[in-house]
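A single structure is presented below for examination.
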Amino acid sequence: MEPVDPSLDPWNHPGSQPTTPCTKCYCKRCCFHCQWCFTTKGLGISYGRKKRRQRHRTPQSSQVHQNSLPKQPLSQARGDPTGPKESKKEVESKAKTDPCA
């Protein structure tokens with residue numbers, strides 16, 4: 001370690017701050033600019049206050065609109081439960097006459 005002048009404040013020690021100011025750029029070079037840039041830009045960690053988003057309240061008129069919409073039919077099970085069904089004999093005969101097998 002290099003000897004440091006005791007009369008200097010810790011934040012004014014040589015090498016404690018980069019010569020160029022921090023920017024809003026998120027390129028690789030700027031993300032590794034200093035420790036603050038690395039934690040906020042590179043890692044995405046910020047300890048500032050988070051703004052709470054306010055929900056947009058729906059006016060009363062839109063609630064009436066919801067009631068006027070026709071209700072969708074309930075989703076049915078996949079497949080066709082009432083579709084045509086082949087008998088086992090027909091399937092077996094097709095399997096025997098299949099030239100690809």
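Just so you know, glycine gets a Cβ as well, placed from its N, Cα and C.
From Swiss-Prot, for reference:
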type     : residues      : note
BINDING  : C25, C27, C30 : Zn(2+) 2 binding site
COMPBIAS : 48-58         : compositional bias 'Basic residues'
COMPBIAS : 59-75         : compositional bias 'Polar residues'
CROSSLNK : K71           : ubiquitin cross-link
MOD_RES  : K28           : N6-acetyllysine
MOD_RES  : K50           : N6-acetyllysine
MOD_RES  : K51           : N6-acetyllysine
MOD_RES  : R52           : asymmetric dimethylarginine
MOD_RES  : R53           : asymmetric dimethylarginine
REGION   : 1-24          : region 'Interaction with human CREBBP'
REGION   : 48-101        : region 'Disordered'
REGION   : 49-86         : region 'Interaction with the host capping enzyme RNGTT'
SITE     : W11           : site 'Essential for Tat translocation through the endosomal membrane'
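Buried or exposed, and what's around them? Tell me for each listed feature.
Within 10 Å of the C-beta of C25 (Zn(2+) 2 binding site) there are 12 other C-beta atoms, taking all protein chains into account.
According to DSSP, the secondary structure content of the compositional bias 'Basic residues' (48-58) in residues is 0 helix, 0 strand, 11 coil.
Around K28 (N6-acetyllysine), no same-chain residue at least 6 positions away in sequence has a Cβ under 8 Å from its Cβ. K28 (N6-acetyllysine) falls within a helix when secondary structure is assigned with DSSP.
Cβ neighbour count for K50 (N6-acetyllysine) (all protein chains, 10 Å cutoff from its Cβ): 7.
For K51 (N6-acetyllysine), no same-chain residue that is 6 or more apart in sequence has a Cβ closer than 8 Å to its Cβ.
The Cβ of R52 (asymmetric dimethylarginine) lies under 8 Å from the Cβ of no residue that is in the same chain and 6 or more residues away along the sequence.
When Cβ atoms from all protein chains are considered, those within 10 Å of R53 (asymmetric dimethylarginine) total 6, not counting its own.
Distant neighbours of the region 'Interaction with human CREBBP' (1-24): 30, 33-34, 36-37; these residues of the same chain sit at least 6 beyond its ends, with a Cβ under 8 Å from one of its Cβ atoms.
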Near the Zn(2+) 2 site, what residues other than C25, C27, C30 in the same chain have a C-beta no further than 8 Å from the centroid of the listed C-beta atoms?
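Close Cβ neighbours, site residues excluded: T23, Y26, K28, R29, C31, H33, K41.
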Averaged across the region 'Interaction with human CREBBP' (1-24), what pLDDT does the model get? Just tell me the whole number, please.
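PLDDT averaged over the stretch: 77.
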Measuring Cα to Cα, how far is C30 (Zn(2+) 2 binding site) from K50 (N6-acetyllysine) in Å?
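Rounded to a whole number, the Cα-Cα distance is 24 Å.
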